[in-house]
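Undergrad: The transmembrane segment annotation in TrEMBL covers 20-39, 59-84, 105-125, 195-213, 220-240.
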Amino acid sequence: MCYPHRQMTPVQSSAWRTSVVAGGLGVFLVAAFFGLAQTTPGLRVAFHPPFTNSTPGELYLWLGHALLLVPGGALLGLALTPLLSGPLARLWRRVEALDARERRAALLLLGGVAFGMARLGRFFFLRDFPVTDDELSARFGGQVLASGHVLTPLLQPADALPGLFLYARDGLVSSFEWLGLQATWALSELTGTGSLLFSLAAAVPVVAVAWVATRRLGAAWGAVAALLVLLSPMAAMLSMTTHGHLLSRAALALAVVAYLRAEERGGRG
């Protein structure tokens, strides 16, 4: 049995050739960026004087992003457009058609995903350890507050205790980290929840950004905004830690939500 062969139209043929060329060039640019890691400077970021100058590895990293990764990603997106445009358009319409109950469920799902990513990254990538000295200092301050004190006797010999981000006076010591961060750790110590509160705080901006974008631009743009936050390397890595930035960005996200709610109600309170 013979089937008629459907030939591509000139427009389809041109689009196919464009996709192939764009995809090949995009792959080349991305590969060239990662190839920089095999050079002598590599992509390593170092910190040494003069601090106003970039190290060779840092310069490679940022120039590589601007000149290789960004154009390469754009070309790969262009190459995949004919393949993904149809399914994405249908998905866009489906998301826009969500009713109020489905949108609330989607927000809860996004929050759960963000929380789960933070917890998994915390335990499997960081092994539930701090990354920086100020995280240790903040937890120490929280332990002091949880004991019912604001200062605790300094261990002797004093040099045995790392002094970074600590405040010591008259034989007493505590953290000089932001008090809100110490109070959060104090609550964690009293409840025995460890870094759980920080993972919860990590999920707040994802939900808030999705909610704000949905209210302003529609559900589909809300989904796009949430994905940008979830897939942001900086946001994802920070969410694994117990830095005060998690609490700050959660508070800022809630403030934006509160402002928008007040604006919608026509008031300032």
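Note: Cβ is positioned from N, Cα and C throughout, glycine not excepted.
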Undergrad: Pairs of Cβ atoms less than 8 Å apart decide it: which stretch in 20-39, 59-84, 105-125, 220-240 has the most with the transmembrane segment (195-213)?
TA: 105-125
Undergrad: Among 59-84, 105-125, 220-240, which stretch has the highest count of C-beta pairs below 8 Å with the transmembrane segment (20-39)?
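TA: The stretch with the most contacts is 59-84.
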